[in-house]
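Reviewing the structure listed below.
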Amino acid sequence: MNEDHPPQKKRLGLLKRTRSNPHLAEERRRKTVIDSSSLPPSRNRSRSGLSRLIPKCLSKRFARSAEQSPNPGPPATSSSARDLLHSQTSQDLPLLTTTAPKPNPDQPLEPSAANSSPIMTSKQPDQKLVQATLAKAKAGVDGIGHVSGMVENATSTSDNLQSVADTIDTFSPILKPLKVFNSVATGLADVHPYAKVALSVFTCASKMILDQANRDTAVSCLLSKISGVYALLTEGEGLARITSMLEICGKIARQTLECADFVVHYSDMKSFWRRLGKHVFNETEAAIQRHNEALDSLMQEFRDKMTLTNTKAVHRIAEDLDVSGMEYVSGAGRNTSKNCIPGTREDILSEIKCWIRSTGEDVPRVLWLSGTAGKGKSSIAHTIANWSHERGGMQACFCFDRTREAERRHEKIFTTIARDLADCDVTMRGALARAVRDDNELKHTVDVSRQWQELVVGPIREASKAITAPVQIVIDGLDESGNANTREQILGLLSRKTDAPSSQPAELPVNARIIIISRPLQDIRDALDASHVRHISMDDIPPASTHNDIQLFISTRLAGLRNCFNDAHFKTLAEKSDGLFEWARLACEHIKSTNKLGQGPMSRFNAVVAGTSEKGTRLLDMMYARILEDIMPEDDRRESIPLFCSVMGQILASLEPLPVPALTAMRLHFPDGRSSYDVKLLMGHLGSLVSGTSDLHTPICPLHASFYDFLTDKSRSHDFFVDSSSVQSDLAFATLRVMDSEHGLRFNICSLENSYLPNSSVPELEKRVKDSISVELSYSCRFWGTHVSSMSFKSSLAKEVEAFFDGERLLWWLEALTLIKGIGGSVVTLLSVTDWFSGHADFTHVSDAARDTLRFVRTFASTILHSTPHLYLSALPFAPTQSRMFRKFAAKFPCTPRIVSDHVENWPQMEKIIHANDVVWSVAMSPDGKRIACGLRDGTIQVWDIETGEALYAPLRGHTDYVRSVTFSPDGRRIASGSDDKTVRVWDAKTGEALGSPLQGHTSWILSVAISPDGKRIVSGSLDNTIRVWNMETYEAFGAPLQGHTDWVLCLAISSDGKRIVSGSMDSTIRVWDMETGEALGAPLQGHTKPVRCVAISTDGMRIVSGSDDNTIRVWDMETGKALDAPLQGHAGSVMSVAILSDRNRIVSGSSDQTVQVWDAMAGVALGSPLHCHTDSFSAVAISPDGNRIVTGSNNKTIRVWDTDTITGKASVAALQSHTGSVNSVAISPDEQSIVSGSDDKTVRVWDIETGKALVAPLEGHTRSVLSVAISSDGKSIASGSADKTIRKWNVETGEASGVFQGHTDWVRSVAISPDRNHIVSGSDDKTIRVWHIGTGEARLLSGHSGWVRSVAISSDGNRVVSGSHDKTIQVWDMGTGPVSSAPLKGHTGHVLSVAISPDVCRIVSGSRDKTIRVWDMGTGELLGAPLQGHTSYVNAVAISSDGNRIVSGSSDQTVRVWDMQTGEGVGAPFRGHTEPVRSVAISPDGKRIVSGSEDKTIRVWDIDFLHRHQTFEIPALCFSSDLTHALHSASSFLQDSETSAPSGPNEEGWVVGPEGRLLLWIPLVLYSCNMYAPGTTLVIPNNALQLDLSSVAHGTSWHKCREQ
């Protein structure tokens, strides 16, 4: 070690304190020191100037990272640069130390590994050192003899970076990357001085460097490497990311300095090496190699860092997208302005902090801090929350506010907390993103139990694996969450007083801490009185401590009045406060105020401390009264108090706080003109009592809950009492009038320019909304219905509401709601308004208008939320013609789409479809009609909101087998369920928690449960043939089982008086039982011939209704047990469920035939047509208490909600006119008058080919899907093949089956009728073909295929049968003899799905799963030409025209194609219109029409001539009508000459979308299904084709012209 170089020693000492391997670092530095010690004195001295360039104050972490940068350990050539880094660092910077600092509870937490990132800070470089360093660099250049004119100006380089860039450009393109890097050098120098230093050195020596480079290839290569380094730094996003990667950039800059130093002193080094006898070339190569390797290593680290940064950024974006949209309450978090004043509440804060830091399983996870109003609880809450935030901990703070109850914060508490925690930690954010990624419903659920478990507990547990620091949640003001019911579930989760173990706070990690702040209300006290909850009461704080804290608080607040007051005064006020910080605050504000002329601070002080010695709440009341009396002198109170009460009443009655301008604006519309008053005049005097007095944008609300309590309690406030309910009428009128005012609602309120854009793509939409929709208008739109419905009925107000529904303001209201994202609230508004008008006959039309608007919203809300202009362009024109919305407003918007064919008249029967997790076995509706419960095959129960279709909480789990029955208790608070696991369970209907233990006693499956009207008993029926009665409270069985049935008890019902039980059984009988005694009353009710599946009792207890497997419904007299009239007949399957509507005259039944039927019980006839509601077996039906809705459940895992009123209306007629399943096969009659179709709905139907109307009733008889149909040559008979393994022959005229042919052992896929009408040929999945004699029913078996036979065809001469199979072959059979007439035809590479024979019996055409069509020679079996290619999916069907010139094919690509038989070329463009795979095609005998059947449940008729017309003239770009004049006007603006084809119809969501996602219009598929007109279509069955006139539509940037001018 050379003692002449102390910086070297200090640098070595510094290394011992780095985090890298000390031995390796020391060895590396030792080598450097030894090499440098051999330098000549003159060379060694050259370091002294550069060594002081680095600034004196770099952060510890930066110094640490700089020491760890890769270093090639070069010889003394780079010592100047190294000393530049190390000598200054060792002398001037605070050294890193391994000595741990003394623990401090308030110091910042060490961030987790997941969150750690280099944070570098520094001051600007010392300018004197910079100048000295640059001067030394100049001298070094001068000494080599390469003096440049620019060097003379080098000392100003760091102050004029632009000149640096200009100099670089002057000398060489090789240094141009430095110019780009230089553009951010100033910013980088602020945080990383190396960049500026390196750039300065290179600039200063650039002329010398280039001169040297020209003479020395080695130096030139090094310079090129450096240029490449900076090129990489500045390419792509390098510069943008430099500030996020300061550590690695610092290493690169440091290494660049060493390279610069090497180049500057290269000439000296060559001379020095020569004197030592060293090989200059080898030494140069070795030195440069070390620099190159170091730079390569650093750049790879940079690339890796960039990749990691990009990956993290992508993950962050993805996670942000996942958690975006989660319900979040803004303004509910921590607030630094509410912190305790420093020095106050230190003891309790210290106690809470110690609890937070405590570890161990036995430490309570929950702390409850309680205290009466004014004690300063919230200040402690915010102080703790902000303390945790400052320490870098994972924390969240959530504050309730009674003035914001309309926000329903109690429903969003844990989603908000989860998002705040996620913002603190990447692990938490990732866990939260994963939780909602696959369950989007979680983002919006109001089920706080699910929020707690899945969004808080689970992610915290996962994050805690990487984080040991406390995870802190503060919940402030829980007592202000609303009434006890609103916080019941929250308290249950936090207190562990729930039966769901997964929700227990004890299951949180040991580092989780939950702090609850509230007043000690009884319900909160009862819930949190638990051993695992630590309780701290503000009342337990020693009075002396509180006194001292309040005195300090007062002295701080009155610090500006020290000239008037001293510590004695402060002490007096503290003694007077009775420990209430709120009183102390009010007293200080009062003393400082100048409201009253002639009263100074001291006189106010004397007034405050004088008087009685009241305590607690009374003391606060006196202070409030004093402040108000001071504001309103006695002489003026007669006028001022009513005004004060009116304004404060408005503030307290408002459903969310409003700022002063909004309050004033609303008062202008109060019915009483005298109420017009500038609220600002009053608020200016209330600064100590309410917030927002100094800022016109801040909402006004009481600063403390105690002021709210004071004003609303007349016994406390006396003259200042505020009756907020008295202002409700004013607010109801005002909200309606604000919307109708000059600055209220209007068309296109936010001036949206383009209808092609979704709202999410509108530039600065949020700003537009804020600028265009005032605070008072937004409030009025959201809350007018609530204010109206809170009033008793008043005709003057009713007329205001009537006017609202009568004008365009109704539409503009919906427009505004979508823009402020409040459209969901319109449902509540419309329902409440409907209820408000109930019973007032003069205003029935207003109720009807509200209901119609509700249907409009339910149908179109998602559309107008997506793109607001489409309220007018899509929603309004597509509303049913008989709806009030259409009749009232459609004509006012003439430049919108016009439906010219198939405009729906009435609202659809079905309101919505809810998708369950498994097969639905049972459904029930809550007594209030707002919830649906369903029992599922997977053993769970799900509960849904009937309006939103949203699951209210996670599935109820507990049963271990099918849930066969569910029911609600009469009060709606409980759900009972029966299961195949032989148990009955009871659940809390609000929380979803299991109550008590399972009810056990049955020895087999439980098939039915019911709850008595008083809610005290549960009755269950079982597969063990018994009925049991249970005590709802004790969960014990009452007495012995009820026995009498000789087979399974399938169903139960209890009379409305609770005295009788009615049961239906597998033994085909119904029994009536006495609830108290358990005795059977009378003889069994007999009449059904098969098991009784369902029973119901009329509300008057006089009638029993039953449904049976015998497909009938019977009505019985309860007293006599006799059947009343004949059975109700009409269902084609078992009657699975019955219900009686509230009018007792109508019965609703659901059947396994997939229909619901409404019956007139008195007349014994069906009302309207059956409602075809499901595509799978029907399982259950429930009726809403008001009879307005029917809920059905099915084996297809869906629950459907239906409007009762429409079931018997015109809309239901369509049900008879359509298939309810996939159309698998179609055929055309020889006379071209009718179409025959077979469907998955098990029916065969016959349609008029011109009108699409059904010619006969559905042909029913098959028990499974109909897969194929054929029609005889005379058109009188139909043959059908089914998945039920049979073939049926039908008489077209009568609709009766005239024969059933059985013999196949698997599905019958295809049938054909011989030309002579004597035989039917069938192909089956049993791999055989059968030839049936129609007269005898005998069959001849044709065997030869090794796979399913998918298709058969008979030649026109009746001599040949052709079959196609899954074995990829086609076989030709002799019709008469049976044997194969030739070898199998091979060529397809996939299953052969369809075959056809040409009329001249010369060719066979086949379609295959390989997406091709092939043509074969019938005689030789040879393939004729190349395969016909064009379809992009399976070819499911082929047909040949009667002249043999055309082939028609249908495919799973949803298209129908026409081909030229001779050339194999496609004729025209494909026919597009089906929205699901095309299963079958047929060609009319005249060759002019094609008929296709599809999985979309429709049949389409196509005009073949359209293809020829299409070739002779150009079809308009966008036309959804057979009338070409209806084409879209100005289509070019929509399509913009895009190369992509114009949309042929709506996408699966209903949108007609153009290039780049442009939105043209939206078609409600719930109204119009798949029946959209497509070019070439002449008919769509059912309901014909929807055709649109788009010729006058204003769209794109002209959309606003759609309205009548």
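Including glycine, each Cβ sits where the backbone N, Cα and C put it.
Unlike curated entries, TrEMBL annotations are predicted automatically.
Residues annotated as region 'Disordered' in TrEMBL: 1-126.
Summarising the annotation, TrEMBL assigns compositional bias 'Basic residues' to 8-20.
Under the heading compositional bias 'Basic and acidic residues', TrEMBL lists 24-33.
Look at TrEMBL and you will find 36-53 tagged as compositional bias 'Low complexity'.
Summarising the annotation, TrEMBL assigns compositional bias 'Polar residues' to 66-101 (among others).
Per TrEMBL, the feature compositional bias 'Polar residues' maps to 113-124 (among others).
Per TrEMBL, the feature domain 'Nephrocystin 3-like N-terminal' maps to 343-519. Mean predicted confidence for the domain 'Nephrocystin 3-like N-terminal' (343-519): the pLDDT average there is 80.
Tertiary proximity for the repeat 'WD' (913-954) is limited to same-chain residues at least six positions away from its ends with a CB under 8 Å from its CB atoms, namely 441, 444-447, 449-450, 453-454, 824, 827, 831, 960-968, 970-972, 975, 977, 979, 981, 987, 989, 991-992, 1179-1186, 1188-1189, 1191-1201. The repeat 'WD' feature in TrEMBL is assigned to 913-954 (among others).
Annotation source TrEMBL lists repeat 'WD' at 956-997 (among others).
Annotation source TrEMBL lists repeat 'WD' at 999-1040 (among others). Distant neighbours of the repeat 'WD' (999-1040): 961-962, 964-971, 973-974, 976-980, 982-986, 1046-1054, 1056-1058, 1061, 1063, 1065, 1073, 1075, 1078; these residues of the same chain sit at least 6 beyond its ends, with a Cβ under 8 Å from one of its Cβ atoms.
The repeat 'WD' feature in TrEMBL is assigned to 1042-1083 (among others). Listed by sequence, the residues of this chain that lie at least six past the ends of the repeat 'WD' (1042-1083) yet keep a Cβ under 8 A from its Cβ atoms are 1007-1014, 1017, 1019-1023, 1025-1029, 1089-1097, 1099-1101, 1104, 1106, 1108, 1116, 1118, 1121.
Tertiary neighbourhood of the repeat 'WD' (1085-1126): same-chain residues 1047-1048, 1050-1057, 1060, 1062-1072, 1132-1140, 1142, 1144, 1147, 1149, 1151, 1159, 1161, 1164, selected by CB-CB distance under 8 Å and a gap of 6+ residues from either end. Summarising the annotation, TrEMBL assigns repeat 'WD' to 1085-1126 (among others).
For the repeat 'WD' (1128-1169), residue counts in helix, strand and coil come to 0 helix, 25 strand, 17 coil, using DSSP. Among the features that TrEMBL reports, repeat 'WD' is placed at 1128-1169 (among others).
TrEMBL lists 1171-1206 (among others) with the feature repeat 'WD'.
Positions annotated as repeat 'WD' by TrEMBL: 1216-1257 (among others).
Positions annotated as repeat 'WD' by TrEMBL: 1259-1300 (among others). Helix first, then strand, then coil: DSSP counts for the repeat 'WD' (1259-1300) stand at 0 helix, 24 strand, 18 coil.
Stretch with the most C-beta contacts under 8 angstroms to the repeat 'WD' (1216-1257), considering only 956-997, 1128-1169, 1301-1342, 1385-1426: 1128-1169. Counting same-chain residues at least six beyond the ends of the repeat 'WD' (956-997), those with a Cβ under 8 angstroms from any Cβ of the stretch are 447, 449, 488-489, 492, 498-500, 921-928, 931, 933-937, 939-943, 1003-1011, 1013-1015, 1018, 1020-1022, 1030, 1032, 1035. If one looks beyond the repeat 'WD' (1342-1383) by at least 6 residues along the same chain, the residues whose Cβ comes under 8 Å of a Cβ in the stretch are 1306, 1309-1316, 1319, 1321-1325, 1327-1331, 1389-1397, 1399-1401, 1404, 1406, 1408, 1416, 1418, 1421. For the repeat 'WD' (913-954), the DSSP counts in helix, strand and coil order read 0 helix, 21 strand, 21 coil.
Across the range of the repeat 'WD' (1301-1342), the DSSP-based residue counts are 0 helix, 24 strand, 18 coil. Taken residue by residue, the repeat 'WD' (1042-1083) breaks down under DSSP into 0 helix, 21 strand, 21 coil.
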